[in-house]
Amino acid sequence: MQKAWRRGFPLYIMIAPGLLYFLIFRYAPMGGIILAFKDFDPFVGVFESSWVGFQHFEALFAEPDFWRLLKNTLILSGLNLFLFFPAPIIVAVLLNEARVKWFARTVQTVVYIPHFVSWVVVAGVTVVLFATQDGGINKLLADNGFSRLEILTDPSYFRGLYLFQNIWKEMGWGAIIFLAALASVNPTLYEAAVMDGAGRWRQMWHITLPALRTIIVLMFILRLGQVMETGFEHIYLLQNSLNLAVSDVFDTYVYRQGILQGEYSFTTAVGLFKSVVGLAFVMIANRLAKKYGEEGVY
Amino acid sequence: MNKRLGTKSDIIFNLLIYGLLVLSLLVVLLPFLYVFFSSFSSKSEYLSRGFYLFPNEWTLNSYGYLLSSDGFLKAYGNTFFITIVGTLINLVITCLMAYGLSKSWLKGRGILNFMVLFTMIFNGGMIPTYLILKELALIDTYWALFLSGAIAPFILIIMRSFFSNIPEELEEAARIDGCNEWVLLFRVVIPLSLPSIVTISLMYAVMHWNSYFTAILYLNDSNKWPVQVFLRQLLLESDSSMETHIGAFEYGPPVKMAAVIATALPLLLCYPFMQKYFNKGMFVGSVKG
């Protein structure tokens, strides 16, 4: 017993800085959640501030803003789940089916690139392309006698633009995991199918897609666990005073009302609501994944 | 039937596959090319001419403006500093902890692993984290950026599983030769793990280079802002308000494009090196994270 601890001693020293990081920057904020049940007074500090029970939550659920935040979050997540989700699968199937390998590799290299640029750069490219006066797309429209589109400011374009940016940035990178699944398909299956007279369509339908089924279901479940995560930077950079009604989500609301306006207690409650719902989704997703015979995520 | 091309339906299939691949290639590439070529355009040509990809008149004025403006160079320098120091801190803390946790015989390992995992599915939220950093007087210092993200849990897990795959016998041999854990880590384990250490360094470096939100959250002092924040400020200035800045007025929208290119450039230059590593599948774990 004593010996095991002694043998481990240098390892505990190695773990210590990391452990401190987790305790101070990850777990101490979890303790800070008590703020959600207090009325924070910056002059007396977190511990001395008075308790208010569930008052902030009652205020939150009574707030019309709350339903707007929830609706926006669910709509954007829905777009991700149902319309973004197929994009990487399609890219992977296309890359797999292309028999000219140098061409497939070139496309693969290029479609990975946007994953590595920041959301600010994506926002920059978006502004340069879609600005109403000088944007490339609007210039093109104007040249051909069409009227200009207010893509960046008209709220009705926001959700489409959000989805398109997501697809543009992540479809290539997201394909990696599906490509990995396809790489393990035994090539003799295709050869046998050719012998049996199956054309390319039937090979795709009966070999390629079934090979992806397990990973597709698993990835979908994992995404389901991320319903509350719509990407803070992504949305914040696309947000402006004109599209706030459709673009405001929990994170951007907490940042605006909490950090900028100083309503610390109330926004801690908003953040806690989001984290708890998020946790519930992850747990449901994990249960589903296990039921499906996968290892789960934790 | 042409044997090489296959049946008619196979030809249609191929047309569809290659057509869609070319389409996705263009959708990804064209916006970059548009921004790239237009950044060499003059303001007058950009504003007066309709849509074009290649400018008639090529100029480096936009880049000249960026290089002559204090704000840009300062922000660029800040980002380099944040990326280099931040990544070094990440590496040291992550590798030490991952190595410690990779030993299956270590007492308390289960609890520690669970502690790491739990932070991936639950967090205290933005406000409590911000208040902790404020309490520690880290706001407006680079320590806020370095320490608040000192370990990315999924990278720690990648590194831990890598370390635990190093054969036990190798370590036993080193121990018999009288190595203690520290010597073992620095003389045997780390040299053996260099490829994965390079990989996680790149992952951390990309995170630091691209991070925008932590900077606006924790840094109020505009002298400390990284280039991502600078770029964002530049993009927000509408072209009419740019006219108030005497310098930017002369160059107009192409300055924005030059700034986009300059901000993305280091990553695009590193990209071929990164590719070598993520093709090996090490990066796949990051997709799940």
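Numbers run from 1 along the shown chain.
Glycine residues also receive a Cβ, built from the backbone N, Cα and C atoms like all the rest.
Here's what TrEMBL has on this protein:
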- A:12-37: transmembrane segment (TRANSMEM)
- A:70-285: domain 'ABC transmembrane type-1' (DOMAIN)
- A:74-95: transmembrane segment (TRANSMEM)
- A:107-131: transmembrane segment (TRANSMEM)
- A:171-192: transmembrane segment (TRANSMEM)
- A:204-222: transmembrane segment (TRANSMEM)
- A:264-285: transmembrane segment (TRANSMEM)
Considering the transmembrane segment (A:74-95), which listed stretch of A:12-37, A:107-131, A:171-192, A:204-222 counts the most C-beta pairs under 8 Å: A:171-192
Tertiary contacts of the transmembrane segment (A:204-222) (same chain, 6+ residues out, Cβ under 8 Å): 81, 85, 89, 92-93, 96-97, 177-178, 181-182, 184-185, 189-190, 193, 198, 285, 288-289, 292, 294, 297
Contact between the transmembrane segment (A:264-285) and the transmembrane segment (A:107-131) (3 or more Cβ pairs under 8 Å, separation 6+): no
Cβ-Cβ under 8 Å with the transmembrane segment (A:171-192): same-chain residues at least 6 beyond its ends: 84, 87-93, 95-96, 108, 110-115, 203, 207-208, 211-212, 214-216, 219
